[in-house]
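Feature annotations, reproduced from Swiss-Prot:
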type     : residues               : note
ACT_SITE : GLU683                 : active site
ACT_SITE : ASP748                 : active site, proton donor
BINDING  : HIS682, HIS686, GLU744 : Zn(2+) binding site
COMPBIAS : 133-144                : compositional bias 'Pro residues'
DISULFID : CYS161-CYS166          : disulfide bond
DISULFID : CYS184-CYS833          : disulfide bond
DISULFID : CYS192-CYS793          : disulfide bond
DISULFID : CYS247-CYS509          : disulfide bond
DISULFID : CYS719-CYS845          : disulfide bond
DOMAIN   : 160-848                : domain 'Peptidase M13'
TOPO_DOM : 1-74                   : topological domain 'Cytoplasmic'
TRANSMEM : 75-95                  : transmembrane segment
Amino acid sequence: MPFGNDPPDYVHLRSNESQMQLITISENSDIPTPSGSPCFNAPARDEAPSVIFIPGKKFQGTFRWWKSRTTMEKLLLPVLLLFCLLTAVLLAVIINTDKRIEAMKTDHATQTEHAGFGDPTENPTKTAEDPRVPPIVPEAPTSPEPEVTTSTEKPKEPEVCSTPGCVRAATHFLNAMNTSVDPCDDFFEFACGQWNDQHPIPDDMYGFGTFAYAREQVRQQLRVLLEQEVVTESESINMARATYRSCMNKTQLDELMTGPLFETLTELGEWPLLQENWDKTKFNFTSLLVNSRRDYGVDVFFQLYIYADSKNTSRNTLFIDQSTLALGRGTRDYYLNTTLFSSHMTAYRKYLRQIAHLLKTDGNLTRSESEMNADIEKIIDFEIELAKIIVAEDERRNNTRLYNKRQIQDLYNLLPQVDWVPFFQSIAPSDLTHLFHNETEIIICEIEYLQHVSELIEKTDVGLLTNYVLWRVVQSNVRYLDERFEDIKQDFLKVMTGQQQSPPRWKDCAQVPSTVLPLAAGAIYVQAHFQESDKHEALRMIMHLRNSFADLVRQNDWMDEETKAVAIEKANSMINNIGYPDVTNDLPKLDKQYLGLSISDSDTYYYIMKKSVVWMQSREFQKLTKPFDKHEFDISPAVVNAFYSPEKNAITFPAGILQPPFFSGTFPKAVNYGAIGAVIGHEITHGFDDQGSQYDKDGNLHNWWSESSLNSFDTRRRCIVEQYGNYTVPKTNFRVNGKLTQGENIADNGGVKEAFQAYQKYVTENGEEPRLPGLQQYTNEQIFFVSYAHFWCGKKKEAAAMQQVLTDEHSPEVFRVIGVLSNMQAFADVYKCPRNAPVNPDHKCIVW
C-alpha cells in the first residue's frame, strides 16, 4: 500500500495496481505503478514535490565530495575538527586537575542526574536563551527509574563520529529538531518542529515535507538527464528523451491548441454538450465504451484489469470492478455531502464549464451557454447518483468478498446494456479475440454495484450518458493540450487542495517518461545516481529486518505454534526487488521491453500519449497468454516509494527511495535503520496486515490462520482501528478513518519495531557506533527514533489535509509518528518517558 496522501485524480494514464505502498502516489502525477488486482487497494498515487535541489555537473574525488556538501555541512566540518582538538586538550587538563575539583564535579553530576526533561533551569547545558541547544537526554535504561550511581570515577566521554556521512546526517537532524519540546510530550514537534517552521509550502504544492524533498531531488536529477543532447544505442532511452522534449514543446502545443481533442471527439461521435443538434439515433452504448477504453484508456461505469488470479496466482485473468468518479477514487463524500463540500463542488462545476467554454470558442460552435450549463448540471447530478452506488473504500478490505469468479455470459445478466463478448473482442488486440467468449472466466469485485449501475444507466437519457462518458475522456486528455487548460485546472486545484499556482512545466514533463517508458527512464537515472554498494547494503538490511519480524512472531503470546510457523515461512519466502531490475543494465533486453512502441521527435505530445495508451493496453492483454510473473520488477527505479504485492509476496524498493536523507551507505546504522529500515519493515509487515494476511506465501487468497490466532489478530487489529480513529486531523474537524487506514497503521507499527530490534541486534554483534557530531548528548537508540520521525517531517494545506482524511489509506504524517511511538515501550524506555506521558500511554495497541 502507499506511504502518504494526495489530491484527486485528474489524469487517466496510469497502470492499475494492488501493491501496498509506503506513500500514496498521486493520480494526477505521471509516475506509473505496477499493474494489479483492482480489488485489493486504491491505485497508487504520487505526491507533488517542490523545488529544493538542482543538480549540476559531476566532480571527481575529494573536490566532488566537497562541492556536493551543503553550506551547513561545510560550516559544520571545521567546527567539528575544532571540537575534536579542544576535546583532546580538555582531556589533558582533566587528567591533571585537582582531585578536589574532580570530587566537586562528581557531586554536581549526582545532583543533576534526575533533572526533568522540560525544565531548562535544572539543566545547565540548555538555556531558555538558546532553545536550539539540545537537552541532555538520559541514556536509555531498561527501567523507568535508574539506580543513582555514587561512583567518583568520571564517566567516559562518548566517541563522536566525524565522517562525511555522519556530518551530513547530523546536519539533517540539527536543522529539523525543536529541542525545546519534551520528546515524551510531542515527538513529532521535537523531531520536526524546526524543519516545519523553516520550510513553508511552495505555492506550486499543496504540502511539503522531507518525502517531497526526496521526490523533488529525483525529479530534478531526471530533468538534467532527460535534457542531455545525446543519442544512445538504446532506442527506448532515446524515446524517453523524445517524450520529454515533446512535452516541453510549448510552441507546438500553442499551434495545435484544441485540434487534437476535437479529432478525438469526432472519433467518439461528437460531444452533445457542444452540439446544437446531436443525433441520438447514432448512439451505441457498447461502441462508445469500446472507443473510450481502447483508444484512450478511459474506463467509465466499470474498470477492467488483467492480473493474477487471486486464488491461483500461477495464471493471469480478467477482473472487473466498480467505477471511479471524475474527482478520483475514494472521493464519493465530495458528491454525497454537498453542504459540507459545497465550495469543492462549485469549483468542480466551474472547472467543467470553463473547459467546455474554451472548446466551444476554439471550435466556433454556436450552442448557447445556458443550454451547455444545463447539460453540465445534469452531468454533475448523474455523477452524484453514481457516487451513491459506489462502495466506500473502507468497506472493501475483505478480499474474499471481492473475489467472485464468473463467466462473461454472467455479465449480460448484471449489466445487459453492454454487449460483452463484442466489447472484449473489440478492445483486445486482433490476434487475441479468440480468448473472449461466453465461457471466458472473469472475476467480478462488486456484483451488486454492477446491478445498481445497470439500473442507473437504464433510466438515464442517452444524451446524458454520452455527455458523461465524453466528459471523462475530455478530462483525461486536456492535460496534453496547451497551457490554457493548465490555468483552468490550477483554479480548480486551488480549492480542492490549496495549491496556489501551477508548477513549472518541466516538473510534469520530467515524470512523463516514467509513465510511458518506466524502465528506460529508470535506466537513465540508475546509471547516474545509484551505487551497486547501496543495493548490497539494502539487501543486508532486508535480511536483518526479515529475521527481526520472525523474532516478533516467535515472541508473541497470541498465536499458536503452527500459525507462527506458517507466518515465518511466508516472511522468508518474500521476493526482494531492490534498486532496479537487471534489464536496465542490458540495453538490448531493455529495448525488447518496448517492442511495438515507436516514438520520435516529430510526434506531438498528444499523439505520443495516445499511442502509449494503446500500446500499454495491448501489452496488458498479452499477459492473458502467459503465466503470472511473480519476479517481474515492473516499477520505474526512479520512483521514490516502496511496495508490497500480496499476489507476488514481493517487496520492492526502487533506487529513488534508497537515497539521502533516508538512506546512504555512509550514514550510521542508527540513521539507516530508523529511516529506510522502518520502510523495509513496513513493507514486510504489509504481508501480515488486515489485507496482506489473507494471502499465503505463494500469493494465493486463502486462510492459513487457526481460528484462535485469527480471533486474537482481529482483537489487536480493532485496537489499532480505535486508536487512530480517535485522532483529530490538524486543520480539520475530521478524525482519521481508522478503518480505512488500519493496514498502513499496522505496517507502520510493525515496521518500526522490527527496525529497532534489528538495529539493537546489529549493536550487540558489532558494538556501539560513535555518536553524531553536535548531537552526542543523544544515544544512537534515541537517534534511531529521530531518524524515523524525520522521514515524516512536513505539513499540508487545509484542503489537502481534508482530502487526505476522505480518500487516503494512510494516516497523516504526525500520527504516523505519534501513533507508532505511543505503542512502543522501547521508545518510552529510550527517552525515559514517565508513565502516561502523551507519547507513553498505559494502553498500547500491539499487533506485531
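Each residue, glycine too, has its Cβ placed from N, Cα and C.
Remember, predicted model here, so these are calculated numbers, not experimental data.
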Report task. Using DSSP with the three-state reduction, classify HIS682 (Zn(2+) binding site) as helix, strand or coil. Result -> helix
Query - Length of the line joining the Cα atoms of CYS166 (disulfide bond) and ASP748 (active site, proton donor), in Å - result: 26
Requested in this report: Determine, to the nearest whole angstrom, how far the Cα atom of HIS682 (Zn(2+) binding site) is from the Cα atom of CYS845 (disulfide bond).
Outcome: 16
Report summary line: Whole-number mean pLDDT, the domain 'Peptidase M13' (160-848), equals 95
Report summary line: Smallest Cα-Cα separation from GLU744 (Zn(2+) binding site) among the recorded positions CYS184, GLU683, CYS833, CYS845 is shown by GLU683
Report task. In whole Å, note down how far the CA of GLU683 (active site) lies from the CA of CYS161 (disulfide bond). Result -> 31
Query raised in the report: When a 10 Å sphere is centred on the Cβ of HIS686 (Zn(2+) binding site), how many other Cβ atoms does it contain?
Result: 29
Requested in this report: Provide, as an integer number of angstrom, the distance between the C-alpha atoms of CYS845 (disulfide bond) and CYS509 (disulfide bond).
Outcome: 44
Query - Distance [Cα-Cα, Å, rounded] between CYS833 (disulfide bond) and the residue listed as 'active site' - result: 29
Query raised in the report: Looking at the recorded positions GLU683, HIS686, ASP748, whose Cα is closest in space to that of CYS247 (disulfide bond)?
Result: GLU683
Query raised in the report: Which one is it: of the recorded positions CYS184, GLU683, CYS719, whose Cα lies the shortest distance from the Cα of CYS192 (disulfide bond)?
Result: CYS184
Report summary line: Least Cβ-packed of the disulfide-bonded residues CYS166, CYS247, CYS509, CYS719 (other Cβ atoms within 10 Å) is CYS719
Report summary line: By Cα geometry, the one of the recorded positions (CYS509, ASP748, CYS793) nearest CYS719 (disulfide bond) is ASP748
